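Undergrad: Sharing a structure below in structure tokens format, with a few things to ask.
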């Protein structure tokens with residue numbers, strides 16, 4: 001098996017070296033759609049993503065029991081506004097789908113401002129931004145608006161018009177599986193339930209769709225599974241339907257907020273020392289190392305993948321960490337926050353992580369007693385006595401010294417301080433020279 | 001079993017919220033008594049402590065073999081002074097029991113100042129303080145005095161009068177045992193052999209007596225055993241008589257120097273990672289964390305409890321560490337050094353440690369696949385989308401995520417960075433909600 | 001067995017307290033010899049070292065297969081120079097054996113300066129120094145010279161005269177074995193293949209020869225094996241011939257660059273936590289601790305001893321680390337760099353390490369329940385109450401507390417922070433007092 005054929009490092013989406021434009025274009029198409037944990041917004045989003053890679057669309061009927069949860073009624077929204085008595089529209093879903101609290105029940109009423117206030121959500125500290133609010137599992141309704149507009153509301157009667165429907169239907173999610181040479185799998189997951197929030201998570205959807213498109217064109221050692229599912233309930237639906245399959249997952253990443261210029265920040269898996277937790281150390285993004293933080297049970301669907309009953313080796317990869325940037329969960333998480341160059345560098349970082357996972361293996365030194373004579377194989381300087389040794393030579397020496405069956409290439413890269421690519425290259429040459437055996441992939 | 005009933009946090013000695021006055025009053029009563037490793041001072045002290053809690057008084061006869069040691073003769077002191085030839089008393093036991101070296105043999109002699117000098121103990125660096133000296137196991141006699149008085153001694157003949165007795169008798173120690181709901185035990189120990197030293201260790205005796213009084217009024221999961229025993233030989237007497245019982249000790253604290261305003265400082269058990277070693281991290285004293293230092297084989301009776309043949313999970317809790325404060329083992333360790341408010345805060349800190357030990361258990365998530373739906377149980381915000389999550393919610397999520405049978409509540413508190421009380425509260429609610437099983441106490 | 005007899009700490013080479021002069025004299029005798037990985041320079045060096053200790057001289061014939069290598073032809077050099085057309089000698093082996101690239105093949109040619117340049121080696125950054133270069137395993141020839149002389153070479157024709165011979169012969173190495181009371185061994189190794197480089201490694205050869213001389217006069221618990229072998233191929237020859245013997249090696253040190261005033265620096269064995277890796281922490285050199293660095297697979301023959309097929313507990317001890325000092329592998333590594341007092345302090349440091357290895361044992365407390373009564377054995381202050389305890393007493397207490405079968409004396413020294421000698425002394429006295437059993441040497 002030729003490593004180079006299996007994973008040509010240069011191949012990028014659309015066969016171009018600049019994936020930023022394609023990624024941004026996709027984010028821009030997904031942005032306006034009103035998504036929720038169920039409904040046509042999800043289906044429309046999956047249809048667009050399917051232009052890049054074949055996606056199996058799964059529908060889980062309302063009422064289906066998944067672990068401790070029940071699939072809720074499907075939510076449809078046709079329109080919503082708030083009008084003064086004299087007919088002036090003060091909030092309109094047509095302007096921004098954030099204006100309507102997600103999963104609002106249908107309402108057609110007249111209310112005084114006092115009666116209305118508990119249903120109005122604002123951000124007093126960010127008075128020009130509309131917050132994002134949901135009420136999936138508790139029957140409620142509400143409008144989200146800027147605090148500035150809220151303060152300007154005249155004290156009069158208002159007409160509340162919320163034309164939504166909560167009816168038996170289904171929860172929809174998308175799944176891509178790219179078979180690999182082995183039955184071991186890598187899981188990538190992005191939540192698909194947020195409405196017009198560009199970084200959280202149109203960016204994740206776009207990056208993973210084009211990643212799937214890229215990997216589909218290659219031979220891969222691992223199978224790659226991509227989930228585009230509504231947060232929590234969607235991940236639980238997949239887990240409930242695939243309990244056996246989870247045992248084949250060797251590595252996984254939840255991806256969100258991946259299009260801005262911050263970070264990158266990686267939250268380790270619950271295990272804390274999984275291969276994926278170490279693989280992120282071997283890559284760079286815009287010249288920076290990936291900052292890592294310990295697992296905590298709050299965030300995205302790593303919460304479910306890392307629940308104690310599954311405890312999968314799945315971490316969370318982001319640029320700016322959720323909750324840490326001011327635009328988070330507001331109308332400012334828009335197409336200005338997400339930039340083509342950052343999408344491109346995030347995409348390349350994830351490809352580099354894939355390269356580490358694909359390229360990691362367990363070398364066995366076939367000449368373990370003393371060093372083999374590298375010089376006669378052209379792998380060592382013919383002239384001796386120099387004060388320093390090249391990184392190339394050090395790569396050979398480190399691989400040979402640690403190729404004892406207890407260290408993968410990733411381990412050797414970490415121990416030596418040399419880049420993973422250099423270690424992988426050294427190992428490939430030593431293997432070609434008959435000095436190493438491949439004891440199989442790492443896991 | 002109701003946690004709240006079992007351990008009402010507010011209950012304090014004398015049913016008052018301010019235990020400082022009661023503790024100080026007890027210290028003040030114990031202070032004047034001339035204690036040693038044997039004799040009536042110990043019996044008198046135990047009689048006073050018995051006003052607060054039933055104490056079993058043990059008498060171990062002179063000559064009893066305990067491990068490598070032999071119980072010494074009982075020491076009785078009726079008086080002692082040093083007089084000049086013309087009848088002026090220069091040192092008198094009646095003024096301070098520190099003046100007489102503890103375990104001095106009887107003497108009635110006339111000596112020149114030169115002959116006397118080897119028997120006079122002073123502190124040149126602290127010329128106004130009387131040192132504390134002992135000679136338990138080597139027949140000797142001596143006077144302790146201020147260096148200032150020593151320098152003023154005229155060069156003449158002196159009358160030495162030491163009216164003591166070393167005779168067959170017994171070593172006396174006190175023991176309290178409060179049975180618990182289980183047969184597992186917590187050991188508290190304070191040395192009872194020091195004469196008029198207030199912090200070292202009237203403070204420890206007082207705090208543990210009132211702690212026993214408090215715990216005796218409650219139902220406790222653990223049995224609580226309190227030892228008021230002479231240093232080294234007393235602890236060895238108890239260990240020799242209770243080798244089997246030591247196997248039931250899950251946690252233990254030696255308490256001394258607990259009434260001043262320093263520290264607190266905790267010296268870890270020899271094991272270094274016992275539950276008690278971690279429990280002290282979960283409490284505060286006067287707003288401060290407990291400083292911890294590694295075990296070393298010098299100090300109080302943790303030396304015996306942590307000898308390799310027992311290796312009990314017993315640490316040493318102090319305010320100012322022995323040997324580190326200038327009043328240590330001098331006449332300045334008096335009722336000015338010990339303060340009611342510090343006694344009270346130390347008392348509360350130890351109660352908080354007890355609360356951790358009592359309240360720690362091993363939770364098992366009964367719904368470990370994915371998160372259970374907290375919202376329908378009223379344990380999760382109905383409205384979603386907020387930027388931050390409350391500590392209450394984080395408590396639920398941390399407990400559920402780590403309730404895999406490998407983490408106690410104390411472990412979860414440490415891992416999450418949340419206060420133990422909050423984790424215990426979250427676990428209690430999750431258990432009440434049927435989401436957790438109690439896999440038993442931690443050990 | 002009397003520890004003091006077995007290892008009298010004061011005994012030094014030549015029965016003098018100042019080994020510096022003897023060591024420096026030996027370095028000075030070895031310095032002028034032109035050594036290589038084969039040839040008479042090695043034999044001449046071994047003959048000089050044999051004046052101090054019996055050395056078994058091994059000859060391994062050209063063509064012998066050792067693991068992945070073949071013993072090369074033996075190199076003999078009778079003279080070499082470079083002359084201008086008009087007969088002016090510009091480089092002459094007679095001036096410095098560094099001038100001729102080691103293992104240069106015989107040449108008798110006339111070349112233009114342009115043709116000559118690829119064969120001239122200089123140090124542009126150190127224009128007044130001659131570099132050290134080798135070409136053992138690739139047929140080549142070359143001259144090494146100062147960059148200043150190189151720049152002054154007139155552009156004319158040159159006569160190259162290299163009177164060397166590469167012929168079937170042998171590789172020579174020396175071995176000393178001093179049997180010990182047990183069959184466990186300590187390995188010391190120094191490379192013998194460098195020509196006129198004083199620190200690298202005349203210093204190592206001299207220090208180990210006199211160390212062998214010193215240890216030969218004593219009874220030792222361990223057997224001591226000394227290798228004086230050419231780098232890489234020499235070590236491999238020994239390993240290939242002694243695979244079984246390597247299993248008896250409990251500790252080992254490669255010694256080089258040991259005569260200058262830097263460091264000391266210790267590179268840990270590949271195991272990283274071998275006894276030798278901890279023993280160096282217990283000694284000092286010129287008042288300084290030994291700096292330690294992690295193993296890396298580049299350096300001296302620890303590369304072979306620590307190859308994964310052997311993985312011996314062998315570290316590298318140096319003063320200034322190879323490659324880190326400006327004189328390294330140049331003509332400035334001469335008798336000015338190496339100083340008698342540094343040779344002496346290095347020698348003493350290694351003797352101290354030997355003392356740790358010899359003196360380390362596994363104590364078992366025979367009175368493990370509580371502390372034994374040290375006072376009646378004269379091992380504890382008769383008068384109690386002092387604020388601090390002597391290091392002597394702390395030594396007893398630490399040894400007794402940790403003498404549980406899991407801690408060697410070296411472990412106890414590290415844990416207590418007390419000097420190894422003090423712990424060893426305390427243990428010896430406790431053993432003499434019947435309080436400790438010796439559960440055997442550490443390994």
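The backbone N, Cα and C atoms fix where each Cβ goes, glycine too.
Pasting the relevant annotations from TrEMBL:
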- B:194, B:200, B:329: Zn(2+) binding site (BINDING)
- B:24-359: domain 'DUF4910' (DOMAIN)
- B:74-165: domain 'DUF2172' (DOMAIN)
- B:363-437: domain 'UCP01524 winged helix-turn-helix' (DOMAIN)
Undergrad: Have a look around residue B:200 (Zn(2+) binding site) and count the other CB atoms within 10 A of its CB, chains all included.
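TA: Its Cβ shell of radius 10 Å holds 27 other Cβ atoms.
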Undergrad: By DSSP, what is the split of the domain 'UCP01524 winged helix-turn-helix' (B:363-437) into helix, strand and coil residues?
TA: 36 helix, 7 strand, 32 coil
Undergrad: When the number of other CB atoms within 10 A of each residue's CB is tallied over all shown chains, which of the binding-site residues B:194, B:329 has the maximum?
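TA: That would be B:194, with the most Cβ atoms nearby.
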Undergrad: Would you list the binding-site residues among B:194, B:200, B:329 that come within less than 8 Å, Cβ to Cβ, of chain C, in the order they occur in the sequence, writing 'none' if nothing qualifies?
TA: B:329
Undergrad: Provide the three-state secondary structure of residue B:200 (Zn(2+) binding site) computed with DSSP.
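TA: Assignment for residue B:200 (Zn(2+) binding site) reads helix.
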Undergrad: Could you give the mean pLDDT over the domain 'UCP01524 winged helix-turn-helix' (B:363-437), rounded to a whole number?
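TA: Summarising the domain 'UCP01524 winged helix-turn-helix' (B:363-437) by its mean pLDDT gives 92.
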